[in-house]
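Participant: Handing you a structure now.
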Amino acid sequence: MNKKLTVFSLTLMTVGSVDSIRNLPAAALVGTDIFWYFGLALLFFLLPSAIIAGWFSSKSHEGIYGWVKNSLGKKAGFIAIWFQWMQNILLYPTFFSFIAAAFLYCINPNLTENKTLLFIIINILIWCLTWINIKGFHLSNRLTVFCSIFGLLLPFILILTIGFIWVIVHPHSLKHITPSHQDSWASLTAIILSFCGIEIAGVHAQDCKPGALPKAIALSVIIIFGTMLFGSLTLALLLSPNQLNFVSGIPQLFQVFFTKIQFAKLNLIVNVLIIVGCIGCANNWLISPVKGLLFASNEHNNSVKQSTSGLLIMQACGVTLISSLFLLLPSINTSYWFMITLATQMYLFMYGFMFAGAIRLAWQEKKHFSWFIILSSILGFIGITISIAVSFNPPTSIKYGSLLHYDLFIIICLILITASSILWKKILYYRMTNESPGGFM
């Protein structure tokens, strides 16, 4: 008999999948408004997402595809999982650029601005992790568990400890956090992105002990919100907005702190831990959307291993293509922001399908708690609408030329990605079922 997941193990898996140190520098741009914007993100996104994910998981363990499919139909379910897969491809270059920057910072801080080195390291990482996942889940799972414990939890605890010590030693530092009102709404994009992924816990519903899932989701919300809020606050305390670099902000933080306390050599050890943790987090997300997309494309096909390998390779090719933006755009920060903006929008569209499905299903069931599910979904809709709107206005520190050109480029990319889901579904379904591609639509 398989061992059931406990509250602790499920919480660790969820926090390890969602919590990410790399999101802290972009979130710290809000400066003095940090509590206000994190509060908005909690009320209008994190809590509604957690509530709806927990509610859906009590009905189905199929994940986002199954939830949307059962409430809105197969077409909507496919588009939802497609959005999740595309945000994965868009997000991986930012994951790996952060890892590359931490690695290069250990050698020479000036190397973090070398676009070519970033591009090379990003592609080494994505293809190595793709090979690991093709070889088998057990190897992948062991790597993820190791990285989550030693590379995520320990550095996060250290960051929070640094913030606590800094406030104790410099009690007036909270009053001197540099305000950044121009970038506050833009930074909401990064804050929302740092809370995306809480629904991953629902996939493990059938493997949990009775009552473990809602407790794990509740604990995960508290831990994720607390670590991201106070981690971002720590960066805002020690670094001004002009010093915040999206890919090297965390190594900068540790260097400033350890230099002040005359333990600069510890910076190398911590950076190695960060590299390990981010690799684990990236590896944790590599296979899940691929499996969901494969299941959505052909629910009755048994050739999973071969198809999964093919999709993993295509995903790696997509990451290689997207990462070339680091070579093409004027600055690393610009490339990074463009990718997280598109990735966030993709993920928010997916959540839009999830909230819409919850409203429809709750309305049809008309149970005594249906009003709570509908209210939570409406709050979630408000949150994602605001987030998508503000994402079209990048921070002032980003070099993007004309705002009109920036927004048009974002809109064109969104249209192409959405339209490509229809073409992909027709082609992939045709190959797996050997039927006319027009029959599925």
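Even glycines carry a Cβ here, placed using N, Cα and C.
TrEMBL annotations: computationally assigned, not manually curated.
In case it's useful when we look at the structure, here is the feature table from TrEMBL:
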TRANSMEM  36-56  transmembrane segment
TRANSMEM  77-105  transmembrane segment
TRANSMEM  117-134  transmembrane segment
TRANSMEM  146-169  transmembrane segment
TRANSMEM  184-205  transmembrane segment
TRANSMEM  217-239  transmembrane segment
TRANSMEM  268-287  transmembrane segment
TRANSMEM  308-329  transmembrane segment
TRANSMEM  335-359  transmembrane segment
TRANSMEM  371-392  transmembrane segment
TRANSMEM  404-424  transmembrane segment
Participant: For the transmembrane segment (268-287), which partner among 146-169, 217-239, 308-329, 371-392, 404-424 gives the most CB pairs under 8 Å?
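Facilitator: By the under-8 Å Cβ criterion, the transmembrane segment (268-287) pairs most with 146-169.
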Participant: Of the listed stretches 117-134, 146-169, 217-239, 335-359, which one has the most C-beta pairs under 8 A with the transmembrane segment (308-329)?
Facilitator: 117-134
Participant: Same chain only, please: residues at least 6 beyond the ends of the transmembrane segment (371-392) with a C-beta under 8 Å from a C-beta of the stretch. Say none if there are none.
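Facilitator: Residues 40-41, 43-45, 47-49, 51-52, 55, 185-186, 188-189, 192, 341, 344-345, 348, 351-352, 355-356, 358-359, 362-363, 406-407, 410.
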